[in-house]
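Undergrad: Take this structure first; my questions come after.
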Amino acid sequence: MIEAVGLTKRYGAKTAVYNLSFQVRPGVVTGFLGPNGSGKSTTMRMILGLDRPTAGHVTIGGHPFRQLPNAPRQVGALLDAKAVHGGRSARSHLLSLAQLAGIPAQRVDEVLGVVGLQDVAKRRSKGFSLGMGQRLGIAAALLGDPQVLLFDEPVNGLDPEGILWVRNLMKKLAAEGRTVFVSSHLMSEMALTADHLIVIGRGQLLADMPVKDFISANSADFARVRIPGTEPAQREKLTSVLVEAGGQVLPEPDGALRVTGLQLPRISDLAHGADVRLWELSPHQASLEEAYMRLTQGAVDYRSTDDRLAHLQPPLQPGQPGYGMPPQPQVQEVPQQGWYAPPPPGQNPYGAAPQAPAPGPNPYAGGPQAPAPGPYAPPPAPQPSAPQPNSLQPSDTPKDAR
Amino acid sequence: MAVETAVLQSEWTKIRTVSSTVWTLASAFLVTVAMGAGLSALTNATFDDMRAVERATFDPTLISFSGMILGQLAMVVFGVLVVGTEYSSGMIRTSLAAVPQRATFLFSKITVAGGLAFLVGLATSFVTFFLGQALLGGHRASISDDNVLRAVIGAGLYMGLIALFSMGVAAMLRSSMLSLGILVPFLLLVSNILSAVPKAKEVAQYFPDQAGSKVMRVIPDAMNSEKAPYGPWGGLGIMALWVVASLLGGYLVLKKRDA
């Protein structure tokens with residue numbers, strides 16, 4: 001059990017982590033998500049006593065890490081795959097760590113076998129690939145058979161076989177009743193591995209809930225409706241019928257319609273009643289990635305922009321497209337692919353949160369505001385103060401914007 | 001107590017499993033012995049060309065240690081690398097995640113590395129002394145002469161202390177490159193130049209290397225140099241104070257800063 005209470009870390013004027021409180025429970029894999037620079041690694045380092053929190057505290061099994069008796073037997077961590085002396089062999093590296101906790105040398109060979117490095121055990125780790133480095137780091141974490149395990153980006157650089165292995169390993173460790181805390185950027189991987197999620201953005205807690213709840217709370221399931229593209233009149237007719245029936249309709253770039261607020265059979269009945277032919281009527285379940293993107297869109301620190309190659313190209317002749325640069329009609333603010341449906345009004349408590357500027361003790365409130373409404377931004381809500389039925393999260397909108 | 005033993009054992013594994021340990025210590029030994037032997041042989045051959053006052057204050061023991069001025073640099077590299085590579089490789093985070101007691105971690109490392117440096121230093125000083133004296137022919141000193149044994153042991157201790165001093169500096173600066181960039185020019189140039197400048201030498205004689213190296217002299221004003229205001233053991237004591245200060249500084253930095 002890892003417990004953080006009011007954890008805050010400042011580096012000079014920059015606040016890396018602000019007032020973070022959460023618990024990581026044993027028996028489940030807890031995923032730790034957040035955009036780059038959101039404070040994941042800083043939090044991990046504070047859990048391990050490497051960085052001292054500016055305020056608040058974090059304990060493992062009730063003790064601060066630095067006061068744990070025989071820490072290597074209780075906590076195993078992979079922080080940085082390259083945090084080994086390159087001139088030392090994999091086996092010597094693990095042996096030096098094993099000796100710290102009085103772990104017999106046979107255990108070193110055992111974990112080398114577990115992570116599949118037995119053939120390169122005598123080689124210097126300098127020549128290791130990133131994937132081999134990750135395996136060595138995982139071996140170090142497993143060495144003391146600890147009850148609490150922390151992994152920072154464990155699947156970086158691993159091959160598909162390795163990713164599958166790590167996934168199963170995490171699940172197995174959790175099933176044995178251990179506390180497993182894993183950070184990752186790979187949403188698809190987290191969706192398969194984690195049972196519970198802790199999401200932070202700009203150093204603050206955005207969500208702390210089971211994966212299933214997270215997806216349904218932060219995404220809108222919708223129906224995709226497609227009608228023959230040759231009949232725009234039918235399309236308008238269907239749209240008005242659906243809106244009359246209480247649904248929200250949004251056109252998708254390829255001509256299909258996104259319908260929310262209506263069940264599939266009801267859509268079909270309405271279309272039938274209006275005498276509109278349907279080519280597609282499909283349910284769409286949002287993925288963890290979509291839910292995550294929607295949640296963190298306001299908390300992304302490092303956002304890439306289009307590479308316009310403005311100074312590398314000769315001036316364009318009017319009407320002549322540049323190489324690889326077809327004129328783009330729609331403004332794609334956020335380059336992460338995909339086009340996420342705006343949530344129905346009132347369902348997404350986060351979508352609007354980061355946009356509310358409010359001077360106050362919150363160090364982030366005055367920070368960069370969310371960009372101008374892009375494809376992700378919520379639509380102009382009919383009622384600006386829509387009721388927010390979802391109040392599962394500790395960092396709900398009103399608090400966030402304080 | 002169990003923790004300390006475990007950390008010592010682990011640090012010993014760390015130090016013996018990197019090749020830099022072997023080559024820095026081996027070059028400290030070889031450079032000192034080879035240069036000491038060469039200069040002893042040269043001195044023997046050109047003894048009659050020396051000025052009378054130099055012949056009068058001739059110190060055969062000190063001559064055989066002339067290789068230390070370069071050999072100590074290898075010791076500096078050893079000391080800096082032992083501590084500095086923890087930072088440059090990122091190993092420090094793995095180490096401290098395994099040994100949260102930072103004082104235990106640092107002082108175990110220093111005990112193991114310092115012990116090794118003292119052993120190599122003493123082996124170096126005895127070998128270089130006997131080889132040097134053998135090459136000095138008729139001008140040789142004997143180990144049983146007054147103060148000679150003290151000078152030989154002192155020379156070995158000097159090499160160990162200079163390695164310890166470097167470890168403290170590296171722990172304070174948390175970087176191998178920065179530490180070497182400061183220590184090597186200081187020992188090779190700054191300290192020697194300042195000790196030749198009239199006013200500055202009053203201060204320079206209290207520098208760690210200047211003070212510590214006085215222990216290698218059997219004749220206090222050897223080779224017509226000036227006498228220091230402290231004795232041979234006093235000089236080594238001054239150096240030891242420097243070492244304590246640098247290790248303490250390194251410990252405070254490790255304790256206070258985030259890893």
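Every residue, even glycine, has its Cβ placed from backbone N, Cα and C.
TrEMBL labels come from automatic prediction, so no person has curated them.
Feature list, courtesy of TrEMBL:
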type: TRANSMEM; residues: B:21-42; note: transmembrane segment
type: TRANSMEM; residues: B:62-84; note: transmembrane segment
type: TRANSMEM; residues: B:105-131; note: transmembrane segment
type: TRANSMEM; residues: B:151-173; note: transmembrane segment
type: TRANSMEM; residues: B:180-197; note: transmembrane segment
type: TRANSMEM; residues: B:233-254; note: transmembrane segment
Undergrad: Applying the under-8 angstroms CB criterion, which one of B:21-42, B:105-131, B:233-254 scores highest with the transmembrane segment (B:62-84)?
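TA: Between the candidates B:21-42, B:105-131, B:233-254, the best contact partner of the transmembrane segment (B:62-84) is B:21-42.
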Undergrad: Restricting to the same chain and to residues at least six past its boundaries, which positions have a Cβ under 8 Å from a Cβ of the transmembrane segment (B:233-254)?
TA: 83, 102-103, 105-107, 110, 150, 154, 157-158, 161, 164-165, 167-172, 174, 206-209, 211-215
Undergrad: Among the recorded stretches B:21-42, B:105-131, B:180-197, which has the greatest number of Cβ pairs closer than 8 Å to the transmembrane segment (B:151-173)?
TA: B:105-131
Undergrad: State the non-local partners of the transmembrane segment (B:105-131) in its own chain: residues 6+ outside its ends, Cβ under 8 Å from one of its Cβ atoms.
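TA: Same-chain contacts beyond the ends: 4, 7-8, 10-12, 14-15, 21, 25, 28-29, 32-33, 36-37, 40, 61, 64-65, 67, 71, 75, 78-79, 82-83, 95-96, 99, 143, 152-153, 155-160, 163-164, 167-168, 171, 247, 250-251, 254.
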